[in-house]
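Report on one structure; see the data block that follows.
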Amino acid sequence: MFGFQNSCVVLESKASCRLTDVNERHFKTFNHFGNGDVHVRGHQRVPSDTKEFHEATKRDALIRLRKDLDNLLHSADDDKKATVQKEMCGFEALFHRFLQEDGPSVEWDKIEKLPQDAVKDYSSLKTPQESEIRAMLDKLVVVKLNGGLGTSMGCHGPKSVIPVRNDLTFLDLTVQQIEHLNKKYSANVPLVLMNSFNTDEDTEKVIRKYKGFQVQIYTFNQSCYPRISRDSLLPVAKDFNIEADIEAWYPPGHGDFYQSFQNSGLLKKFIDEGRDYCFLSNIDNLGATVDINILNRLLGSDRQGDKPIEFVMEVTDKTRADVKGGTLIQYEHKLRLLEIAQVPKEHVDDFKSVKTFKFFNTNNIWARLESIERVLNARTMNMEIIVNNKTLDNGMRVIQLETAVGAAMKCFDDGIGINVPRSRFLPVKKTSDLLLVMSNLYSLKYGSLVMSPQRMFPTTPLVKLGDNHFSKVKEFLGRFANIPDLIELDHLTVSGDVTFGRGVSLRGTVIIIANHGDRIDIPAGAILENKIVSGNMRILDH
């Protein structure tokens, strides 16, 4: 094994970084995966000569990668070299761990039963007195993960600028929510957007329209890492002209938040201001609003014990629709996130069991700012690597190395889970989700979606819309004269060339299937309750 000694994983020299000279502070910042040899999971049952061959191959891959990263750095503009250098050091550390780690990061038999108090029930939290709320809010920072594009839904630019309700975008709703808090409680909660190189420029233009709002908005960029060829294990990028070859680069997942937040200077700024916690969530999760009761548990009269809670993961009850979502486990005496990618193949069915693992991660995270700084400076931020395989437009097979923000939980002390209502998990990933949030299931109040009191059950309907005709937002909207009444809907499946007239009501279980070459027009005012509609039905104007 060969360990790495500093931020840029140098084999021979402890005092230098191959990319360029960096000071000791940068070493401490970027060697956040631990100093010394990387712990390798699993057991290799191979002859020693084969092992030595693999070690030599890894060593060669690292040396060749360093050379390519050097070349990339030299091609960067002079005013960007300091930033690029930091990012390439971070990437090299991640790549080194990727080479070293072997086998699953979790040994299944070592998973422990969750301690009784590990996951608090939301109903046990106390609501604070109104007089306490302002002081708590002034110690909070709201962070939204804003690195994603809307391409999967057929939209251009950042996903956060897709209209989702009353022509308001994800970003509009987020700003409205925080402004309402600030006005109601005379508080000053800032909004921080973590952009990627894909969304930064467009987001900066959009946020100008919020200048008159009672919200301070800050932005910073997560890292920009080179995609690696699966065959050569070398970067496919030839220079640092990202716009000229944008496919060669990628943002390395939301686990990059911690390091990029510190690098931006915002972590220190907010600590110096006396702020204690950040609340972080995906910008497309419309249920992820600031929760006063959770904040009270962290900072107010509901706080328990002498030690502050350093990390909170909001989880919610797992249903059969959530079987692939990450879950909370106790492992090596600490709470941690278990993702399906970490599960040995023979235990995937166990992982998906609703009985065995009752909760799944909403990716709503509360973290203590000083604790983030401590973990980063101590170089103990050690998140599992997610290897994401991609194929570029030119057919080249590449890998991108990513991390998940919730995976950092094991690096903190005194972490807990809170089992929150399903209403706090309302992500919009597909047009089927968009159908729900645009419907009369919800009303809009100060930027927050509130489920209609007419809905008999707190759960949302299960909706499946066919990819061929409904996956893109523009086409999806063109298939509805207006959004149907979904108050009494349990399950909806639509497949094929189907359109909906104005004032349609869907109740119970409704399945509408137009076979290839057929078309179904649901007439205006139709009420479909526990119906299967198939074949060919067209309403013609005359």
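Including glycine, each Cβ sits where the backbone N, Cα and C put it.
Note that the structure is a prediction, hence the values are computed from the model and not measured.
Long-range Cβ proximity for Asp284 (UTP binding site), meaning a same-chain Cβ under 8 A and a gap of 6 or more residues, is found for Gly148, Lys159, Ser160, Phe170, Pro427, Val428, Lys429. According to TrEMBL, the feature UTP binding site maps to Lys159, Gln222, Gly253, Asp284, Lys429.
Feature annotation from TrEMBL assigns substrate binding site to His254. Taking Cβ-Cβ distances under 8 Å and a sequence gap of 6 or more within the same chain, the neighbours of His254 (substrate binding site) are Leu145, Gly147, Met194, Gln222, Asn282, Asn363, Thr403, Ala404, Val405.
Sequence-distant contacts of Gly253 (UTP binding site), defined by Cβ-Cβ distance under 8 angstroms and a gap of at least six in the same chain, are Ile386, Glu402, Thr403, Ala404, Val405. Of all the binding-site residues listed here (Lys159, Lys429), it is Lys429 whose C-beta has the fewest other C-beta atoms within 10 angstroms.
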